[in-house]
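So that you can see what the record holds, here are the features copied from TrEMBL:
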COMPBIAS  298-308  compositional bias 'Polar residues'
DOMAIN    673-865  domain 'DH'
DOMAIN    1390-1542  domain 'VPS9'
REGION    298-327  region 'Disordered'
REGION    1359-1386  region 'Disordered'
REPEAT    58-108  repeat 'RCC1'
REPEAT    109-167  repeat 'RCC1'
REPEAT    168-218  repeat 'RCC1'
REPEAT    500-551  repeat 'RCC1'
REPEAT    552-601  repeat 'RCC1'
Amino acid sequence: MESQRKSSGEEDSSGERGSLHTWKGYSYSVTPERVLLSRPVLQAALGTRHGVLLVEGGQVYSFGEFPWKQSQVLEVGPLKPVLESALSGQRVVAVAAGSFHSGALTEDGGVHMWGENSFGQCGLSSLTVVPNPTPVAVMDPDTSPPHTIRVLELACGEQHSLALSAQHEVWAWGSGCQLGLVTTIFPVWKPQKVEHLVGRHVLQVACGAFHSLALVRCLPPQESRRPLPDKCGQCNQLLYTMTDKEDHVIISDSHYCPLGVELLAEGEAGLGPHPSITEHTDYERGRTVAQNGEVLTTTDADISASGTDSDRGVGGAGSRNSPYPDDQAVKEYLKKLSDTSLAEETPPADSLDLLTSDLIPGVMPVTTSSALNNLVSSCASAVGERVVSTYEALSLKKMINYYYPGIGGVAGVPGGFPGGPAEVRVRLEESMQGKKSCSTGDIREEEAEGLSRRLSLPGLLSQVSPRLLRRASRPRVRAVPLTPVGGLPEAGELLPSLQTEVWSWGRGEEGQLGHGDNLPRLQPLCIKCLSSKEVVLVAAGAHHSLALTAQSQVFSWGSNSSGQLGHMASPTTIPRLAKVSGIRVWDVGAGAQHTLLLADGDCYQPILYYSGQQVREGVQDTPQDQTEGYSYTQQPVLLPFCMNLGYVSGVFAGGQSCVALADRNVMGFIASLHELAAAERKFYCKLSSVKNHILRPLLDLGENYSLGPASTVLLRSLVRCYSRLCHLTGQHSASLTANLRRRREFKSLVMLEHASIFLDTYNEYCCSVGNFLVMGGFQALAKPSLEFFGKCPELLQRLAESSEENIPLSDLLVTLFYLPMRHLHEYGRLLLKLGTCFEVSSVDYQKLQDGCSKFEALALHLKRRRKEAEYTYHFWKSFPGKMTDSLRKPRRRLICESSNKALTLQNSGRFSVNWFILFNDALVHAQFSTHHVFPLATLWVEPIPEENTGLHGLKLISPEETFTLLACSSMEKAKWLRSINQAVDQAMTGAGQSGAGQRVEPPISRTASYTFYKDSRLKEATYEGRWLAGKPNGRGMVKWLDGRIYTGTFKNGLEDGFGDYVMPSKTLNLNDHYQGHWKEGKMHGIGTYKYATGELYEGSFQDNMRHGHGMLRSGTLNSSSPSVFIGQWVHDKKTGYGVFDDITRGEKYMGMWQDDQRQGTGVIVTQFGLYYEGAFNNNKMQGTGVLLSEDNTTYEGEFSEDWTLNGKGVLTMPNGDYFEGSFTGEWGSGLKVTGSFFKPNLYDSDGDKGRAVPEMNLSRTQNRMLESLEFIPQQHVGPVTMEKYDSIRRYLIKACDMPLHPLGRLMETLVAVYRMTYVGVGANRRLLLQAVNEIMSYLARIFQLVRFLFPDLPEEGGAIPEPSSDPQDKKDSNCADTQLESPKPGRVVSSSALLLPVLLPRLYPPLFTLYALEKEKEDDVYWECVLRLNKQPDVALLAFLGTVFFVSTTFTPSDKLQVIQLTFEEITKEVMSSLEDNFLWSMDDLFPVFLYVVLRARIRNLGSEVSLIEDLMDPCVQHGEHGIMFTTLKACYYQIQHEKTT
């Protein structure tokens, strides 16, 4: 019945989805019976005589015999299952069935068990049977408090159960050694962790009747391997045995411990509190070979008769912590076993040749050498000189060095391993397994599998196989892995892992453990021969085991009493391939004595194969030990009714029953899913076949024959990319197969959700094939391949799907390696086919359509890339050989070339040859034997208009050349223009981009790297950064070969803007470092230059020289000659005004310079108090000057040298006496005087003498700062009001506080100059006048700048009209108001009121220091009087002392006057409150009170404060109220100075 399908592609009708069919046996008369349920079946599990079904919605049904049920119904037919009502309300996601018990797994990871519980297999104590599903707690006892473990998967055997947790660990309960637990107490009622698998990532678990299987992800590759021991850690037997024959020596590493286990001693670190039981037997493996189209396995058992179980010897081991009850009995048993010979029957002398001759031609055998190195020396010492000579003759050391260490180890483990993290422990155990996982080995590892560990050493050189000798003489080369180590990193957890191992444990009497013997294993042990087989699924029957690989092969081992293994080979104790020739199996089921296989059919509808016992119709189940007379299969047989079931998605087996889940094909959706998965499985098998039969031999040929270093590297890259593609395909095949078993829907398909993984892998592979083709790799492989494959390469033709005859071998190889690209079309076709199952307007259709478009677009893109590679390869064949070596590169592809004279160079000579070749990364101009390469990233092309010239020209611009090319026609011109533009665009965006969506022209501005070869300034320098029309423009970096580096901005090919320049010093091992502005390739503007000598210059540059204002620091304080110069520079020399501070001599010069010398007027002050002001010439004091000493001795006259008097002058003593005449000599070391001595009038006042220092204007503010100011928006239009005035004041404060603003930068510079001038040696009281005048000059100049910014601002002293009063009233009241509010920038505009609040706080420390030095004597007298007068307390006046004290905490005169005003107001307020209201408060009354307030305030350096206010006070307030108050304070200061007390 047809039913409507959901948008996801699933069917609602239970009759079309998840139908269940059951049958027994394989007879042609068998007809499957369909189980009718109301909902689709999702999963089935079969026990010996019962089954469990999981249906959609999470409900569970049971059928068969239920002896554990308490109800009357003990048996239910398979056609009428009953609902397990105890699970109602639970959403079950998985079910499992053991022989006589069942389990269910809920959505939250909980476990429910029911059935037979005699052996604890249900995990519920004190119950022999559990009639209904009952929760079982899986708790981790190692946590506190114990928390519940979430379970992902269940598996049930006959007497035990296993659970796989969300942490991918295995938990077990029940009875028997199949639990893998180190215990002697059974049953185990509570689930316990299988410690031996802790640290490993378990993917799946399966249970047989009395054995267990686990599919485990391989560990990451080990960085280093532990050296393996020579002896067994327990029984002390040699792990390698050597038997000396007459003509050869037999070396074997097969060693067996008793019971196949090794027991660690109690004192050795094991797995927690329990001893570790580890199997170290390494059994001989076989090689899979192709014979007559069938897959066979060759092992030692096929060669010698020693493979039977009865012939094998075993060794023993004991432990104090043994799980056996009697340790003494074990020791005696081990002693008895140690007397038994371990020697095996040896094969004939030519056994080595027999093994190698049976292999596929060219796939040469390789053995491992991890243990053979020590073996050779022990072999020589054991057999004497004959073996030594044989060893030397054979050069066995070369053979052993050729075989790669770590590919496959020797068997055996040490007695214990250090404790530590689980990951470290399991890595050590991995090395003990005797062979590292094949998934992490190189390409020869899989070749070595199946080769006997026995090595025969002939006694004579003539007896050695010639092929073996050729291999022994080969040099050792680096191996290339054919299986990507660790898989594809970008795939992550999206795809199933193929790097897996199969571990088994439990009973082994039927060989069901797969270790080559019939011994039990108490703990999990890896089946090493399956480690490289990419097993994706394991299944366990009652006494046999199955492993399904990603290559759709089935390995089977164990009991074969009814042919259930699918082959009749022996022994059955090791995994062998089931004989399903040419059939791709993708699901398996294992019953008691039969195997069910689900495989791909010819029409993508799955088919079923049955292998095992025939079940007679109408006969009840027969016990397994009574199978005589029953027929069974010799190999799997096809079930004829399978085509009637529909599209089978999974098979299950148990007891004697078989079950298949099938879907009907509604609107082609199910068929399309099956076709997609089947196509991927087929494709992966094809890739694997090419890898095994073609890729490995080719890689061997590439290493044996000299292909050239480039081709060898490219061949390895090709092998690596092919392996990645093959591995990804295998993972995707396993993912699609798993999707068929589970959901059967498309939304979770990785190829849709993460298509980039596939696109990138195919892109990378196609690139590697193209590179190898372009470099002639396939042509180089043709000759050795011809020797290998023969003149009739049928295998190559069949794999390449080529039907042509007499095709060259190299072309056949190219076709073969480009074959995977066809599969992209298959992806697109199948996705489109899936899309047709949906409405065109649906989201699902659009999603599938988008996926189809991506793969189809990539297929077309890769097809174009193949043509490009082939075109390029044929071009190189015809290109002149001399230039081929230099121009031929793997990734370089030819686009077009002008060999047909279609393009010529303008103005070229008549006989000149100009050949232009356009590649995908460069344009080559070839002339005779020379050529030049123009990288495309730095190539610009412009068409030349044809109107004027009539020529079809193209202008090409490169960083160092510009030339014109002429095309033969307008069509040819358009072709080259388009080709160059597209090539440039692809070179910039990446060569891997497809042609869709390309720009018509590449951008004229771009980022690229280029090395100059002609430019004299940049020759051999490399530039990396932005370009514009062939020249560096924008941000970039240049590196010269001599170590110079420039990083910054460029303009028109030159450094321009801000940049960083580093230049190594030729003499010192340090760098000069410039950081600043550039212009037209030279340092120009503000910058900082750090010299390698330690000097530092900060200032202006011009034409790479210091020019303008700047500061140079030389040395440091503790260096030999530290100094600082700040001033003007011209052409890299000090010229103009400057200040030089010689820290070593303690001198500071302030004056004029010329050509780095003091020249003109200047001032010198010293740290010893000397002051010189006068003329300088040639860096010396020459001419007239004034010199003052610390004691006020003054000389005014002529000088000839520094501090040397020479000529006429006047020397004035501190007391006023003076000499006038001619002076000679150096100051301070004695003077020679010729002249007159004068004594001044005793009655002359000395108050008017003052200092004879002329006023000097030393301001260094430059008018050019006006030009550098940025544009300020004129927001103040019209007359300036008080509101606008306040906004201007706030703007100035913010601007001066911001260093990035020009005013802020100016302020910082002025402050730095001022402090440099008047700090340190410059803190001389003689400089006070200059310091004050310099501040006044600052105010006047900056005020000019402010008025330039704000033109409406009145001039100095101008008035601002009141906003709300009459002009006449305003004029009348202007004076009084101004005086009252003069401290606030108010109605009278002045530079001091506007700018001093910004400038003075920064200059206050050096300025006030000068005032303090100037007023030092007066302040000392004042302070002495203050201290003396304060000894007379007056409690009534103490309340006023808290205000005037703060006069010293402010900076500007206006702020200090404001403090004085507040003091007067508080005094007046306090006095008037105690007097009558009509009392008139006059200044005569105020002065005594204020005097005592000042006295009690104890203001330190009051004289300095008074002088500062007097010098910098705003003129407009001198005659107002503030002026009167200041005069009062000044009078108090002088009154206190001259106060006389007795």
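Placement of Cβ uses the backbone N, Cα and C atoms for every residue, glycine included.
What TrEMBL says about a protein is an automatic prediction, not a curated fact.
Note: the repeat 'RCC1' (500-551) comprises 3 helix, 25 strand, 24 coil (DSSP; helix = H, G, I, strand = E, B). Remark: secondary structure over the repeat 'RCC1' (58-108) totals 3 helix, 23 strand, 25 coil, with classes taken from DSSP.
Within the model, the repeat 'RCC1' (500-551) shows a mean pLDDT value of 96, rounded to a whole number. Counting residues per DSSP class in helix, strand and coil order gives 6 helix, 25 strand, 20 coil for the repeat 'RCC1' (168-218). Across the range of the repeat 'RCC1' (109-167), the DSSP-based residue counts are 0 helix, 30 strand, 29 coil.
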